[in-house]
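J.: Quick one: the structure is below, questions incoming.
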Amino acid sequence: MARAWGLLLAIGVVLPTWLSSTKVSSLIERISDPKDLKKLLRTRNNVLVLYSESEVAAESHLKLLSTVAQAVKGQGTVCWVDCGDAESRKLCKKMKVDLSPKDKKIELFHYQDGAFHMQYDRAVTLKSIVAFLKDPKGPPLWEEDPGAKDVVHIDSEKDFRRLLKREEKPLLMMFYAPWCSMCKRIMPHFQKAATQVRGHIVLAGMNVYPSEFENIKEEYNVRGYPTICYFEKGRFLFPYENYGSTAEDIVEWLKNPLPPQPQVPETPWADEGGSVYHLTDEDFDQFVKEHSSVLVMFHAPWCGHCKKMKPEFESAAEVLHGDAESSGVLAAVDATVNEALAGRFHISAFPTLKYFKNGEQQAVPALRTKKKFIEWMQNPEAPPPPEPTWEEQQTSVLHLVGDNFRDTLKKKKHTLVMFYAPWCPHCKKVIPHFTATADAFKEDRKIACAAVDCVKDKNQDLCQQEAVKAYPTFHYYHYGKLVEKYESDRTELGFTSFIRTLREGDLKRLEKRREEL
């Protein structure tokens, strides 16, 4: 008996020792009551909740999150729910936390503005979690990309100065901003180049968008993003300005780094000669009156698509203008010089084609090749009306936007949502199957198939909140709460089978209740 009592005392000592070794910040709120969590989500708009299978499973995460909570104090809230605790099991079940798989010991869920935002799926590091809580809708850190492991990631001016002082190897430094589209385009090539030259040359990256880096931006003339600078033995030599380069281009340049060469100014298209007529604000109206059939290309000197189309347009003009029987002519307007014409015809993209018949503007289809230009000018007809968009078609699919998304989903027990982009070929392929599925269940008021066009401006925040990273993405919602990502067959059979399984589950639960009564 004494030995047993001694063993119990020993256990009693061990457990408190373990608990004391896990330094949990007082800033982490431990919650077990559903009402308490509901109240917290209602009063805090940026909450990260750690759900754990047990206290032991939460130990390492609690140590990390204690530091996170201190770093985001006043900006975000960190909570912990121990699903192994009898009092908390009901809460975990209510929040649809599934820790049943043997390898799943914890879940990190993020809630924003009182609603579930996403399952945290980024790197479980102090830097990544803090960055996420400071900007939940922002992109992941560059260093979270496994392919960027050979890029040196700089976080502070102190680290940057230390790198310049200590690094003996040549250094190519990219100063960037996380939101910059040009930066995102070159990053995969930059990191691939870093791997190829590893051990010989250092490639590094630094997000200098925050205001704390104004000194660095001034010192290295960072006027736009990205700005890439080449250093040797800590001394800045010159910038690297080929922002459209591939990994191979970067590696090749690093073999013999040279400063940017002065650019030879391009000859304006109008001064090159050729068969195309070049019109201005002053002579445009008179020209289209004198020619019964005129196709006009509005262009900009810097526009890559214009440069690609220019030789096709010139070749077509040579054929048309050399045919005595042809009444059609091709003309061009530099919209950057002739701003009055550009404004008058609402030119907002380049190249833009306008067609004039006897001085009157008429519709023109999308033309890009010599053959199409010639065919159109030989028989200019009004293009057929564009096919109605998916949203304009009469179907049973609910087309939602950010304003009505939450309210609509809350009214439906089961909703399968397709997040898509109209230009996406995979989306176009699956639309008929998804539409047929919606039609199949249109009589069931508890079931809906909905779609969100992520390209629309008013939907972009919503698609970010729902963690849509590719098109199409399918999510299943139960009374407005995200339950799971649908990853089965993207066919009518796959969709209908999934929804029927949900409906069969409802029937089984109903029968069980009746039996209990």
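The first residue you see is number 1, and the count goes up from there.
For all residues, glycine too, the Cβ spot is worked out from N, Cα and C.
Pulled the feature table from Swiss-Prot, pasting it below:
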DISULFID  C83-C92  disulfide bond
DISULFID  C180-C183  disulfide bond
DISULFID  C303-C306  disulfide bond
DISULFID  C424-C427  disulfide bond
DOMAIN    132-259  domain 'Thioredoxin 1'
DOMAIN    268-382  domain 'Thioredoxin 2'
DOMAIN    376-504  domain 'Thioredoxin 3'
MOTIF     514-517  motif 'Prevents secretion from ER'
SIGNAL    1-21  signal peptide
J.: If I restrict to non-local contacts, at least six residues apart, and a C-beta distance under 8 angstroms, what lies near C92 (disulfide bond) in its own chain?
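T.: Listed in sequence order, they are Y51, V81, C83, L99.
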J.: Test of understanding: give the count of other CB atoms lying within 10 angstroms of the CB of C183 (disulfide bond).
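T.: Taking all protein chains shown, C183 (disulfide bond) has 22 Cβ neighbours within 10 Å.
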J.: Take the domain 'Thioredoxin 1' (132-259) and count its residues per DSSP category (helix H/G/I, strand E/B, coil), listing them in that order.
T.: 53 helix, 27 strand, 48 coil
J.: Measuring CA to CA, name the entry from the disulfide-bonded residues C303, C306, C427 that ends up nearest C183 (disulfide bond).
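T.: Comparing Cα positions, the closest of these disulfide-bonded residues turns out to be C303.
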J.: Among C180, C303, C306, these being the disulfide-bonded residues, pick the one whose CA is nearest to that of C427 (disulfide bond).
T.: C180
J.: Taking the Cβ of C180 (disulfide bond) as centre, how many other Cβ atoms lie within 10 Å?
T.: 16
J.: Count the Cβ atoms, other than its own, that fall within 10 Å of the Cβ of C427 (disulfide bond), considering every protein chain shown.
T.: 22
J.: Out of the disulfide-bonded residues C303, C306, C424, give me the one sitting nearest to C180 (disulfide bond) by CA distance.
T.: C303
J.: Which is it, of C303, C306, C424: the one of these disulfide-bonded residues whose Cβ has the most other Cβ atoms within 10 Å?
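T.: Compared across C303, C306, C424, the most Cβ atoms within 10 Å surround C306.
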J.: Can you tell me how far the Cα of C303 (disulfide bond) sits from the Cα of C424 (disulfide bond), in Å?
T.: 24
J.: Let me know how many other Cβ atoms fall within 10 Å of the Cβ of C83 (disulfide bond).
T.: 24
